[in-house]
């Protein structure tokens, strides 16, 4: 049941929008809820707003925080190194937003690649410098695993981003190889010294794994994680149990 006050507010709001006409009042000044529930629902929807109190349009740092959470980037400076390094370092990725200095050119990895691709696009397509530089750039990006082999030079400026670089981090590669359940667990294994790439033990989660070295990511021989995996698969040698 709706009171007169609720009914009056609903009808006056809808009259301004020319949605409904002024209905007739009944004697007891109360109305059937089944009749006017749709009217009140429409009014509430028109007045309700989708407001996010955690992110704002003027805050350019929420995107960086989302990527840091997704790929477990613990050091906020890693994101600025990937994107641009002309900003002062911030100890907290969720701190107050920092306005970038647009007078300086971005010197991060992604910013430098986009700037290089844009500069090459201004040259003549038949220029030998442009052809050779684009070939070297695409080969390097393919070897790093950032871009595929079918990527065109004109797509470098659009496709190269921080997420592409973050997917080559050791923890993310371990998760894709099913060596860990999630990226957080993979980062913990790396920090504890359970993982090696080739013959070198890597303890830095920010280590970028190239496409060729992806097949050589494995456990350290003395790792207890590897010992438990072999024991579960019944492949552990009796000599290792001593």
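First residue shown is number 1, and so on along the chain.
Backbone N, Cα and C atoms are what each Cβ position is placed from, and that goes for glycine too.
Quick look at what TrEMBL lists:
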DOMAIN    44-167  domain 'Small ribosomal subunit protein uS4 N-terminal'
DOMAIN    168-234  domain 'RNA-binding S4'
REGION    85-108  region 'Disordered'
Counts of helix, strand and coil residues, the domain 'RNA-binding S4' (168-234), according to DSSP: 29 helix, 10 strand, 28 coil
The predicted model's mean pLDDT over the domain 'Small ribosomal subunit protein uS4 N-terminal' (44-167) is 73
